[in-house]
Amino acid sequence: MTNIRKTHPLMKIINNSFIDLPAPSNISSWWNFGSLLGVCLIIQILTGLFLAMHYTSDTMTAFSSVTHICRDVNYGWLIRYLHANGASMFFICLFMHVGRGLYYGSYMFMETWNIGVLLLFAVMATAFMGYVLPWGQMSFWGATVITNLLSAIPYIGSDLVQWIWGGFSVDKATLTRFFAFHFILPFVITALAGVHLLFLHETGSNNPSGLSSDADKIPFHPYYTIKDILGVLLLFLVLTCLVLFSPDLLGDPDNYTPANPLNTPPHIKPEWYFLFAYAILRSIPNKLGGVLALVLSILILAFIPLLHTSKQRSMMFWPLSQCLFWILVADLLTLTWIGGQPVEHPFIIIGQLASILYFLLLLVMMPITSLLENNLLKW
């Protein structure tokens, strides 16, 4: 008799995705981040659901409701900090996952990659709206500054901003709609992640060598289920340490002050995972130019497959490309640091140079280096 997991309509989908899935025999720990992102998403949805049971999306009571969660709700402080630091872990895994894709040429799976870029935008939008909900100083002013960027759009800009605000400033209507969107978007992200997997399983996973692994496949279970569980345990270890020992390490002290439209904080900055994009935005003196650079800093990922000039898929055997990749990583860390600094000398010029280098590396230097490496091997 055939096994039920291979015949039952629902079990069959699970079986073909997580049990009998043929996987390359040589994928490294860099391939763990996909499953870790799935775990992060589940953690965020569950903790978010329990927070939503106690949170009120009203300007008068939002800040107090978060305080109430932390002080009066059973393990409310734990749920709140798991959710806040879970977002940080989510983005760490996201950056690693995207970095892996860039390094090993996973972007050659066009559909999977483009849905991944869409997922990145959706997660960033969700995180931004979530940061507004506690209604602290940085929540309010972050929302004001970032939504105001849309006013740079010619002709319709100011109308668009007021439409998003639901009034003439960030107020009750804005908070309510941000809560609604923040609640619904994770489910959209879950659906998109399903489509992401669907397209991935059409082609099968890439591997570090970038060569076809059709001749040497192993079943996903037990080999990669065990490997993924190890990754999940390490993720839990880091998240637990963060939540229990220094829950406010990655937050902003200004957000413990209730929102006050009459008092602007000295340094308005987003959460750490947006600082690189914020630094690129600030490095251009023109408002519209800055907004375009901000969007392009992420959207550029969608053009990476078109800029692939190498005769090999992966960077594994290309020392020059590897060198440029790690310069790009260092550049992004520099931008992250600059994004958190005040707008003054020497941070302005460092930010501008790092922004130029970021676009130069991705658009010019990496494709040219790949062509050079092809010629070195007389390909």
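Keep in mind that glycine also has a Cβ here, set from the backbone N, Cα and C atoms.
Since this is a predicted model, take the numbers as computed values, not measurements.
Annotation for HIS182 (heme b b562 binding site): spatial neighbours GLY48, THR126, MET129, GLY130, LEU133, criterion Cβ-Cβ under 8 Å with sequence separation of six or more. If you look up Swiss-Prot, you'll see HIS83, HIS182 marked as heme b b562 binding site, on the strength of similarity to another entry.
The heme b b566 binding site annotation in Swiss-Prot covers HIS97, HIS196. The secondary structure of HIS97 (heme b b566 binding site), as reduced to three states from DSSP, is helical. Of all Cβ atoms in the protein chains displayed, 20 besides its own lie within 10 Å of the Cβ of HIS97 (heme b b566 binding site).
According to DSSP, HIS201 (ubiquinone binding site) sits within a helical segment. Cβ neighbours of HIS201 (ubiquinone binding site) (same chain, under 8 Å, six or more residues apart in sequence): ASN16, SER17, LEU21. The ubiquinone binding site annotation in Swiss-Prot covers HIS201.
Sequence annotations record features per position, and here Swiss-Prot assigns transmembrane segment to 33-53 (among others) based on similarity to another entry.
Taken from Swiss-Prot, the feature transmembrane segment covers 77-98 (among others).
Among the features that Swiss-Prot reports, transmembrane segment is placed at 113-133 (among others). Taking Cβ pairs closer than 8 Å, the transmembrane segment (113-133) reaches residues 55, 57, 62, 66, 87, 90-91, 94, 97-98, 101, 106-107, 139-140, 142-143, 146, 174-175, 178-179, 181-182, 185-186, 188-189, 192-193, 195-196, 199, 270-271, 273-274, 298-299, 301-302, 304-305 in its own chain, all 6 or more past its ends.
Within the same chain, residues 17, 37-38, 41, 44-45, 48, 52, 55, 57, 112, 115-116, 118-119, 122-123, 125-126, 129-130, 132-133, 143 sit at least 6 positions outside the transmembrane segment (178-198) and bring their C-beta atoms closer than 8 Å to a C-beta of that stretch. Taken from Swiss-Prot, the feature transmembrane segment applies to 178-198 (among others).
Same-chain neighbours of the transmembrane segment (226-246): 29, 32-33, 35-36, 39-40, 43, 78, 81-82, 85-86, 88-89, 93, counting only residues six or more beyond its ends whose CB sits under 8 Å from a CB of the stretch. Marked as transmembrane segment by Swiss-Prot: 226-246 (among others).
The transmembrane segment annotation in Swiss-Prot covers 288-308 (among others).
Long-range Cβ contacts of the transmembrane segment (320-340) within its own chain (Cβ-Cβ under 8 Å, at least 6 residues beyond either end) map to 99, 102-103, 269-270, 272, 274-280, 282, 310, 347, 350-351, 354-355, 357-358, 361-362, 365-366, 369-370, 372-373. Here Swiss-Prot flags 320-340 (among others) as transmembrane segment.
Look at Swiss-Prot and you will find 347-367 (among others) tagged as transmembrane segment.
A straight line from the CA of HIS97 (heme b b566 binding site) to the CA of HIS83 (heme b b562 binding site) spans 20 Å. The Cβ neighbour count for HIS196 (heme b b566 binding site), using a 10 Å radius and every protein chain shown, is 21.
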